[in-house]
Amino acid sequence: RIPYRSQVPLRGREVWAALEDMAWAPDNVRKWSTLALLALMGTALTAAINPGFSAIISQKGLDFACQEGVTVLQKELEIIKVPNFSGIFKTKHLGKGSYEFYSMTVDGFHIPNPRISLLPTDRLQLSIKDASIKIRGRWKSKKNFLKASGKFDLSIEGVFISADLQLHRNPPGRLTVECSTCSSYIDRIHLQISGSMLGWLIQLFHKKIETSLRNSIYEKICRVVTISVSTKLQPYIQTLPVVARVDEMAAIDYSLLNLKTTDEFLEGQLKGEFFWRRHHDPLPITPPAMSFSPNKSYMVQLGISDYFFNTAGFAYQESGTLQMTLRDQMLPKDSKFRLNTEFLGTFLPKVALKFPSAEVQLLLSVSSPPHLSIQPSGLSLDPGLEAQAFAVLSNSSLVPLFLVHMNTTASLEVDVEADRLVGEMKLEK
């Protein structure tokens, strides 16, 4: 029996695994995020191509990914370097003077209400509401021979950011993303000066300085968002492979074929195809159509077509992996079954007479790629097997003796017991 905590309704030629809500550990966040990114890739193709693997992410799943991403973002923002800020003040009686804020560090960055929303035409909207930033550093001011310096604390509150991310698919099936629109707003800003008897020079103009700081930060918010998308997010996405190496012989092509969005769900359709690493030729089979019945109570739902598994059979047969040579030395010493002409002579007397005291080799292979079928009752596998016997002569040459063709059907009946998926395998013929 196979323990599994997800409900897996089997329907037609597809398997649906509705993954339960789970409090994933930090080590699993990268895996989940990678899955989310894969499901987000691409735009609709002009020609319809059925996927071998599909994933639906609900708004609930996007909310989870957003929270995890913001946690990482907050840590990154808290270590950024804030550029120096300087300006000039002017009074009627004292004339002009200058001020500068420097050695600024982010003391805290709070993002309480982040959200990623689905939009039509393959877009996502990132919105941040009522965020706050605390910055501290040093200041200095100069007016003729008067100089002052000290420390300051800057509070920026009520920060709102809204950015639309436009998703595209390039020919290799990778995602390209750009910030198509961005808007921001700062509700209030407060500057507190300390550390000098002449701090009143700054306090006289703190409203003007606060306004200047607010305008400066406001102008940079969307610029930072746009640059971050193009220089951080997009390069990272381009490093995500669309081909995964399985072993020395096979790999999986999971490039993005199509993307569908609704108000509640995002469906990513992946190619989901095994191939022989030495040659990636078109296969003589095509994936069946897959229909989705999304459930918004799940974060992620996965659909795997039998095409995904059947392409593995083609890849491994083409590579010559699905065969093995059985020799007498490989059998247990106490086995009554021996691979020599003397033993075979009990069934085939002519073999023992024609090749006395000769070793025998058995070449076991599949005559055609194993075919997996997914039905409402379970899974069935129809492998065509061949066993060819050879007599090994004294000069190590091989003489064919006989060839046996075998057909069998292995079925796996599945069911759900409590919170587990269970199965029973049978050989029917």
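Placed from the backbone N, Cα and C atoms, the Cβ positions cover glycine too.
Of the listed residues CYS66, CYS222, CYS222 is the one TrEMBL pairs with CYS182, by disulfide bond. For CYS182 (disulfide bond), the number of other Cβ atoms no farther than 10 Å from its own Cβ, over all displayed protein chains, is 18. Counted with DSSP, the domain 'Lipid-binding serum glycoprotein C-terminal' (294-429) comes out as 26 helix, 69 strand, 41 coil.
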